[in-house]
């Protein structure tokens, strides 16, 4: 029995199962934990099906979502895996980014082939930027005819190509999650093959620390005799003292300045890193030149915009959302990072109105510029109450 070493240095990757209801996403998730537990018991606890199926509810940007989080390790990597029990939970998770995915395992039952939710999940994966997909062709123990399996595989590949994934190159692995869970050696091997494919095909993500510096401003104050300080949580990158930065968003003009001090918990630091809450002392900047809602960035790394296309989920009445549909020219607030900005909504051709509980594409024109990139998340609010959540899929202007 090979004993795998636990290494903190193992690369960490976020993954999730997507696909049509009853195609076996949760069974596969349980099977992965069992197979890896049997292979490397000191690294992997086994998480049974019913524990994953009764996923706890989480609140993300005011939306309640059931998400099951499981962790496991292959020889090469450490994975955090998300599985959602209900279809609506998937849609909400993917749009709000409650659990970010560096890659997804698309589960398709060989007995059915691609179904409506298979398509919806693949489309959403494309729109919200899930970069890589590996296919688990599940329940293949129930299909005796090789030709049928080949046809289903072809259909899945065509579907992926249609939504701009590399359908010809994506690994498609034939598995039986249920039989693997029962301990059948042949199907246990199939799950290990699937994990090998994920190890190989889904690249390591670029860590937040290695990306260009960005910090949303939460608060601004003046320290007498020293100057203006902005505080916030560093979203990504690192920042050293005496580095030049740019402050953008909300106003037309951008402010260039140098950070002369970085403070955390009243201590001075040489550098601030992604995930830390810090105060930045800015040279020659007046208190009234900066405000909450702007961002401090590495100069030129991000630009402010007012028009974008987005994919959004609108809360149902039961979730505390609107009780009535909205129409063209709807004017809610869009909450980006730390602030609300009013925007005007244009609906896609053929969509007359959007009902509570729907997900929809939309075009938005903001009244003030916001520092944004594709993939940026936002909440849709009316007077401080969250009525929806979404993310930028394309910047228009």
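Keep in mind that glycine also has a Cβ here, set from the backbone N, Cα and C atoms.
In the predicted model, residues of the domain 'tr-type G' (10-206) average a pLDDT of 91. Under the heading domain 'tr-type G', Swiss-Prot lists 10-206.
For the recorded site, residue 87 (GTP binding site), the DSSP three-state label reads helix. Its Cβ placed at the centre, residue 87 (GTP binding site) has 14 other Cβ atoms within 10 Å. Residues or ranges marked as GTP binding site in Swiss-Prot: 19-26, 83-87, 138-141.
Sequence annotations record features per position, and here Swiss-Prot assigns region 'G1' to 19-26. Nonlocal intrachain contacts for the region 'G1' (19-26), taken as residues 6+ away from its ends with a CB within less than 8 angstroms of a stretch CB, comprise 49, 52-53, 68, 83, 85, 87, 106-109, 112, 114-118, 121, 138-139, 177-178.
As annotated by Swiss-Prot, Mg(2+) binding site applies to 26, with the evidence given as sequence analysis. There are 22 other CB atoms within 10 A of the CB of residue 26 (Mg(2+) binding site), with all protein chains counted. For the recorded site, residue 26 (Mg(2+) binding site), the DSSP three-state label reads helix.
Per Swiss-Prot, region 'G2' is recorded for 62-66. Packing against the region 'G2' (62-66) from elsewhere in the chain are residues 55-56, 84-86, 89, 92-93, 96, 98, 313, 315, 319-320, 379, 385-386, 389: each is 6 or more residues past its ends and has a CB under 8 Å from a CB in it.
Among the features that Swiss-Prot reports, region 'G3' is placed at 83-86.
Taken from Swiss-Prot, the feature region 'G4' covers 138-141. Proximity of distant same-chain residues to the region 'G4' (138-141), defined by a Cβ-Cβ separation under 8 Å and at least 6 residues beyond the stretch ends, is recorded for 23-24, 27-28, 107-111, 149, 174-179, 187, 190.
Cα of residue 84 (GTP binding site) to Cα of residue 26 (Mg(2+) binding site): a span of 8 Å. Residue 19 (GTP binding site) carries a strand DSSP state (E or B).
Counting other Cβ atoms within 10 Å of each Cβ, the lowest count among the binding-site residues 19, 22 belongs to 22. The local packing around residue 84 (GTP binding site), expressed as other Cβ atoms within 10 Å of its Cβ over all shown chains, amounts to 25.
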